[in-house]
Amino acid sequence: MTELKNDRYLRALLKQPVDYTPVWMMRQAGRYLPEYKATRAEAGDFMSLCKNAELASEVTLQPLRRFPLDAAILFSDILTIPDAMGLGLYFETGEGPKFERPITCKADVDKIGLPDPEGELQYVMNAVRQIRKDLKGEVPLIGFSGSPWTLATYMVEGGSSKAFTKIKKMMYAEPATLHLLLDKLADSVIEYLNAQIKAGAQSVMVFDTWGGVLTPRDYNEFSLRYMHKIVDGLIRENEGRRVPVTLFTKNGGMWLESIAATGCDAVGLDWTINIADAKARIGDKVALQGNMDPSILYAQPERIRQEVGTILEGFGDAGTGHVFNLGHGIHLDVPPENAGVFVDAVHDLSKPYHK
């Protein structure tokens, strides 16, 4: 494999010295870029874009042509696993993802099998291989999956949800059924991420988008427990390097110590927590990723630079152990030039902290 020209992202995750703070953006390949919209139109629809390795690679690389980002992230969707389990994923315009056959009872859970990462999900692995080839060693490639809990919310609710009543009903009325589903999902995520690593992903991330809707006790039992299982099951060395794993629970600031105790290399932070507090709590154990509110990218350039400076100051002089990111995905109507201001500000303003 080609030697990495810029490995700052991997080094920062492993708390090795870097000369500036590396940065990437959640959803950096996406609808805020006109070139993405053009490629998506060429593909026909979102899943066709995901399933075409050349086009998935093209959109993965688009933000890297505009901005000096320190990592690329696989262009895919967290719902590939439930789709491959036969739930019938489709997208309603303006409404997000839906499933034709949601999970309603134990019989539904019993019916689903573990998808083969080089079978039903081979299109994802083909995209990973294509992206690695097209990156030519410029920056590392991040693979990812949704967390078992987050995948289960979509599978039981039948799509997005505001109140999560269906999955919470299952959690409280039929906990054994939900545990059965989560266990299958954890096994599937382990196979899926390990296949991404074998195909060329140099780091992996688990997105627990909806862990923050749970009580502390339920979070430990129904979300974190299964992410811990995933961390234990992952390949951690490949191509002669450690493969870092990042866990990100949105609205998970209450549980940072528990997340850090899973054995992950890094913990993702959303914008609802002060990074200085997070560092004081878990910075001795793990690297931190985050955590600017994506809405700040609507502001004037000076305000964006100011916010970047505040977060860098909050993390302080550690010299490493921080990957700068947004606290969640970039919004689809952010001007691309503002994203450029953000990336440049991280590089410029972080250098004094790495002397």
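Each Cβ is built from the backbone N, Cα and C atoms, and glycine gets one as well.
What Swiss-Prot records for the substrate site is Arg27, Gln28, Ala29, Gly30, Arg31, Asp77, Tyr154, Thr209, and among His328, His347, His354 the residue it adds there is His328.
For Ala29 (substrate binding site) paired with Asp77 (site 'Transition state stabilizer'), the C-alpha to C-alpha distance reads 12 Å.
For Arg27 (substrate binding site), other Cβ atoms within 10 Å of its Cβ number 18. Under the three-state DSSP scheme, Tyr154 (substrate binding site) falls in the helix class. For Tyr154 (substrate binding site), applying a Cβ distance below 8 Å and a minimum sequence separation of six or more within one chain yields Leu79, Pro82, Pro97, Phe99, Ser160. Nearest Cα neighbour of Asp77 (site 'Transition state stabilizer') among the listed binding-site residues (Arg27, Arg31, His328): Arg27. Across the binding-site residues listed here (Arg31, His328), the residue whose Cβ sits among the most other Cβ atoms within 10 Å is His328.
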